[in-house]
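Below: the structure, in structure tokens.
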Protein chains: 2
Amino acid sequence: MIRNEMNQWKHLFKLDPEKPISDEALEAICMSGTDAVMIGGSTGITFENTVDLLSRVRRYTVPCVQEISDMESIVPGFDLYFIPVVMNSTDSKWITGLHQQAVKQYGHRIPWDQIVTEGYCILNPDCTAARITDSHTALDEKDVAAYAKLGEQMFHLPVIYLEYSGMFGDMDKVRSAAWSLESARLFYGGGISNLEQAQQALEYADTIVVGNVIYTNLPSALETVRAVQRV
Amino acid sequence: MIRNEMNQWKHLFKLDPEKPISDEALEAICMSGTDAVMIGGSTGITFENTVDLLSRVRRYTVPCVQEISDMESIVPGFDLYFIPVVMNSTDSKWITGLHQQAVKQYGHRIPWDQIVTEGYCILNPDCTAARITDSHTALDEKDVAAYAKLGEQMFHLPVIYLEYSGMFGDMDKVRSAAWSLESARLFYGGGISNLEQAQQALEYADTIVVGNVIYTNLPSALETVRAVQRV
């Protein structure tokens with residue numbers, strides 16, 4: 001099933017429902033050879049713009065997952081649902097609070113076998129996600145490794161996600177997290193805007209997530225897929 | 001191994017290293033037929049008083065586990081280490097913060113196969129633990145069930161711990177948590193001071209934790225063990 005396939009994914013494109021994308025660009029993304037398309041974002045996400053984008057991606061066979069940032073925007077029909085748990089947030093709302101409310105509201109209707117909990121560690125202090133979640137981003141390599149290990153060993157999370165949204169990150173920290181993990185998958189996201197950066201991140205991360213460059217330089221975004229075809 | 005045995009435990013005595021206990025009382029506790037002795041508390045716990053109590057319990061064959069409330073008081077030589085994660089704390093320090101610091105400090109020396117992460121839900125607003133952790137205790141049955149399910153499904157915690165420290169709790173909430181769980185063990189602690197209350201809590205909880213009454217009414221504490229011998 002798709003949940004097991006996820007353990008083979010090395011490249012994801014992350015589409016922001018708030019940002020317009022042409023049919024041609026979307027086709028190029030979906031047919032690029034990426035392992036899956038993730039739909040989500042930090043702000044401006046609604047049920048309407050999410051369901052619209054999902055229906056457009058569904059014309060292609062690529063797996064499509066939702067990364068949930070807001071209960072109101074959950075849309076049925078995705079292959080998997082990724083739930084961020086912001087391990088380095090100072091506000092428990094982003095670790096257990098909103099999640100508890102969602103479980104309370106949706107209860108028995110939650111398809112747990114389609115839920116993938118992601119242990120986020122947000123590392124770019126200037127990104128929207130860091131500001132919203134009031135994350136403690138002044139972390140050294142050992143801190144990042146400890147968060148990764150915590151997520152894997154104490155919370156048994158299947159995915160640890162190093163998020164540098166908006167900037168290309170410190171690969172020493174990615175390596176440090178990678179070396180601390182045994183079985184969880186290490187996702188890296190943030191600032192990958194060309195093939196070389198994709199290759200660098202894949203030296204340590206199991207899976208890279210390519211987002212913003214889709215909207216600023218599509219050919220360069222598409223080229224990042226070659227990083228996983230070579231690996 | 002002892003970690004699997006833990007899934008059979010129905011009754012624990014919880015000893016507070018800060019409180020004096022006579023050799024006779026300690027022998028009665030350790031020989032009572034309880035499944036294990038847990039050592040820990042919310043305040044005044046030190047390495048010295050913990051190691052002292054551990055060495056006294058070790059004269060008996062009963063399994064002995066430490067519930068860690070403070071990094072400074074971790075003592076080698078326990079059978080298992082229980083790590084509370086206070087799911088309903090409003091301060092992320094009690095969910096991931098202190099834990100990340102501990103992992104950073106102890107790193108590779110942590111015996112993960114001896115670590116049991118407990119998903120705490122603190123329900124007595126007046127107890128020390130609730131005050132220290134600034135927990136959100138105004139929870140109805142559905143809230144408690146949602147926290148239990150969250151701990152089990154999203155964080156894959158082996159133990160969900162409903163903590164009413166200092167008062168006997170609302171059994172409707174214990175039932176509600178029990179019904180929401182599939183495989184995690186449900187611990188109940190708080191205010192069990194006699195056999196009848198032990199029996200009531202065991203209607204829904206998998207494991208009961210008997211603490212304070214040891215220090216106020218030892219015969220009554222010892223009697224609670226009969227609840228599991230009957231079940």
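Glycine is no exception: its Cβ is also placed from the backbone N, Cα and C atoms.
Nobody curates TrEMBL annotations by hand; they come from automatic prediction.
Of the residues A:K10, A:K14, TrEMBL puts just one in the sn-glycerol 1-phosphate site with A:Y161, A:L162, A:E163, A:Y164, A:S165, A:G166, A:G191, A:G211, A:N212: A:K14. In this structure, A:L162 (sn-glycerol 1-phosphate binding site) is part of a beta strand by DSSP. Local packing around the binding-site residues A:G166, A:G211 was summarised as the count of other Cβ atoms within 10 Å of each Cβ; on this measure the leading residue is A:G211. Residue pair A:L162 (sn-glycerol 1-phosphate binding site) / A:S42 (Mg(2+) binding site) shows a Cα separation of 15 Å.
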